[in-house]
């Protein structure tokens, strides 16, 4: 073994100080930086480079991530203008009609671990006009009534109804920076990386910086954003373009103040379909974040601006609208030699279903938990990491495509082109074929690395009005009684939750004032 | 519904308080906030535990009266069956409010069934001077006000030392029914025993250690509470 291959992993250098950089640095430091022989984590961030800050919606996974970082939920909510998110309301996606909407909530369907209610819903409740989400889950009602997913007496990170967050990405990065440097021992350098020094085996030995000299490291994490400084720039890892499946390539983003400071805050992401894309609308404590993501191949920049103006109203004239390019896709590999990319440097997709931050969290978790102790086993970890995340990107692409593929909108080429079989991945086409005769189930998602559970597919599928022909499986549907009990339990759970849970903004204000207890 | 108004010697000159019905007002309370200065008296009869204030999420000390919502096992046979009744029960129908300057203000619930015109304890004499009964109640309310602060001090001590722990309690009654107790907390005995040196000495000097042990000792009354519940169930079954 030569010097390069038997080195222990004692120092990790993170390049880039956005949310991705700080989450990775924090997770590694929280797990490995204890004691004299722990791992030293250094984050280098070029001064004056603004973070892209589009990741403002999270998954419920963020609760675990913050807890693992040793962060108080009350502090996080206060300092990042964060709010609770209980899923997404998709408006106008299926038909574009005035009353067309459905929810993808975060609470699993009633009794999901015991039995699948989807076929029973389809036979008994769907004909009565009851939506799938309302029949099997109480969370849509919480969202419609603007109620929070927990109470003042619920401990930090615990829930009455499963939840994620909406947050101010800029404030979140600063908050994480303070926490990581003050409490987790992460070294923070504000400096610019000029060039990369490598060993014979291709490993990065150090980075040359403008003011801090040579910065060595055993593992380098590329969180440099779209520039992909190390993985794309230095290692020239090819970019896999997914715009053949997902057509969205532009975002127009604007921050909209509330008309009155005590206006209600939506407790879910509102996603409204347009003629060449869709509009996101998320409520933070002090403002909303609104944006139109669209396909420039299906509309003009001027039309897109008009679409956003129509949604936001005349007040938009005084606000600054930012244009962000979206190159849908990801790198062919994410971990090469002793360098791994996390965040935008690894890839980016449109913000539908908030996949950006969850991929950062999953990457940070895998790197922290499986941090190779020595260089000589790093290639094995790298291969596993690449397999895992290639799988996850593919599943996310499939799931996002599902939202478009099931639409019956005929009003624009954008929606019609999205149904072109040539734009549908084989993996998704096969699943949809199976689901014509049975609902999505756990048997369809058997990897340890799944990102969306079968429940999410059910919510989107049946929310979009997909027809599963369950008559072919009628002989299997012999649990009518149990299903009826589950539907009744859900009605009771809905009543209980509506009676017990406070209004969203009211709870946030109380949390700001009193804080939640840790236990 | 309660209608709280500031007590006024003109407005309330002719009001009388039916003291015999005061305890009845707590007949369907499952718990009531208590203060450290009454812990020793409470510990004769009640379990003293911690719970969270629904409005603020902050911990408060309470005496536990029952298992189910609205169940008070100390109210039986038309009277309060214990040697000591918590101050927050006997202070009815009076409350402490705050005036426009944030100063404490004695208030009365005019809608309380204890407020009468025909019979009971007078609040004021003909000249508008407070009666001995009113003075006594002012004393009780004053103690409650101080007690709130003492309770907050105790909770702060417990939190700083991370001594609060959720109570995991599932009770099975003689009837076979069982009930899980949610939202109750107590002191972590193991962590308390592991305390040493300066923190322990400080707890002892400021008197909190005694309060903590009183709370822990009082937990034995969970068993007497179960007995009361069994007795009530049996009585209902016989009837």
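The chain as shown is numbered from 1 upward.
The backbone N, Cα and C atoms fix where each Cβ goes, glycine too.
Per TrEMBL, FAD binding site is recorded for A:17, A:18, A:19, A:20, A:193, A:344. Annotated 7-chloro-L-tryptophan binding site per TrEMBL: A:85, in sequence order. Annotated active site per TrEMBL: A:85, in sequence order. What TrEMBL records for A:353 is L-tryptophan binding site.
Annotated features, which come from TrEMBL, shown on the structure.
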| residue | record | DSSP class |
| --- | --- | --- |
| A:17 | FAD binding site | coil |
| A:85 | 7-chloro-L-tryptophan binding site | strand |
| A:193 | FAD binding site | strand |
| A:344 | FAD binding site | helix |
| A:353 | L-tryptophan binding site | helix |
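The record assigns A:17, A:18, A:19, A:20, A:193, A:344 to the FAD binding site, and the maximum Cα to Cα distance across that set is 19 Å. Between the CA atoms of the residue listed as '7-chloro-L-tryptophan binding site' and residue A:19 (FAD binding site) there is a gap of 19 Å, rounded to the nearest whole number.
Residue A:344 (FAD binding site) sits 16 Å from residue A:353 (L-tryptophan binding site), taking the C-alpha atoms as the reference points. Each residue contributes its Cα atom, and for residue A:20 (FAD binding site) and residue A:353 (L-tryptophan binding site) these two points are 18 Å apart. The Cβ of residue A:85 (7-chloro-L-tryptophan binding site) has 27 neighbouring Cβ atoms from other residues within 10 Å, across all protein chains displayed. If you measure from the Cα atom of residue A:19 (FAD binding site) to that of the residue listed as 'L-tryptophan binding site', you get 18 Å. The binding-site residues under consideration are A:20, A:193. Their Cβ neighbour counts within 10 Å are lowest for A:193.
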